[in-house]
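Engineer: The GTP binding site annotation in Swiss-Prot covers 23-28, SER42, 44-45, GLY71, 126-127, ASP129, 157-158 and rests on similarity to another entry. Residues or ranges marked as motif 'Switch 1' in Swiss-Prot: 44-49. Annotation source Swiss-Prot lists motif 'Switch 2' at 70-79. For GLN72, the entry in Swiss-Prot reads 5-glutamyl serotonin, with the evidence type similarity to another entry. The annotation phosphoserine is assigned in Swiss-Prot to SER190, SER204.
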Amino acid sequence: MSQTAMSETYDFLFKFLVIGNAGTGKSCLLHQFIEKKFKDDSNHTIGVEFGSKIINVGGKYVKLQIWDTAGQERFRSVTRSYYRGAAGALLVYDITSRETYNALTNWLTDARMLASQNIVIILCGNKKDLDTDREVTFLEASRFAQENELMFLETSALTGENVEEAFVQCARKILNKIESGELDPERMGSGIQYGDAALRQLRSPRRAQAPSAQECGC
């Protein structure tokens, strides 16, 4: 198998969203996650941007297809169409902007109404590197996350702190739901698909079959 083919082999594919107000650093989070560097010339997303990456979660290779949505109200009708069938989402606010935090409820309502029924969401308080300019405390956001059954991390797209961890935690919870039977990759609109590696395993005959009479030499 070629190196390219190997790099594209994965067990599952998850559709992810990155949502939240404009200026919270959503595109920078995506760029830091995929490229491992800060995108310092980032402009506001117009409509939707896309990125993908394969990660290892507990020995399973998961390909994340990530849709970075525009935060401006005028693009809301466009970006809502991309919510359908999302398995996971990063809900992002800026810890230095109370306004972006206050908008979280609206974004959360959209995600739970328009995406898949069992969408897994992690709340990300971005721009952790600007702690001296903080307007939203860790405790306040932590309570919001707990009340709304969200995971929660503070992140920094600039330094990379907790960026990969946010995506991995979200993916791990989705995997746990698959293993428990709560999520079915074969159900339409789940935001989850089996990858090539998992399909090969599902389709391969069981190795532990009883030997035939001819083989056993009876």
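Any Cβ shown, glycine's included, is placed from N, Cα and C.
I would like each feature placed in context: is it buried or exposed, what are its neighbours, and how far apart are things?
Structural biologist: Under DSSP, SER27 (GTP binding site) is assigned to a helix (H, G or I) in the three-state scheme.
The DSSP secondary structure for SER190 (phosphoserine) is coil. When Cβ atoms from all protein chains are considered, those within 10 Å of SER190 (phosphoserine) total 22, not counting its own.
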Engineer: State the count of C-beta atoms found within 10 angstroms of the C-beta of ASN126 (GTP binding site), not counting that atom itself.
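Structural biologist: So the number of other Cβ atoms within 10 Å of ASN126 (GTP binding site) is 30.
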Engineer: What is the number of other Cβ atoms found within 10 Å of the Cβ of LEU158 (GTP binding site)?
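Structural biologist: For LEU158 (GTP binding site), the 10 Å Cβ neighbour count is 18.
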Engineer: Of these binding-site residues, GLY23, GLY25, which scores lowest on Cβ atoms within 10 Å?
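Structural biologist: Among the binding-site residues GLY23, GLY25, the sparsest Cβ neighbourhood within 10 Å belongs to GLY23.
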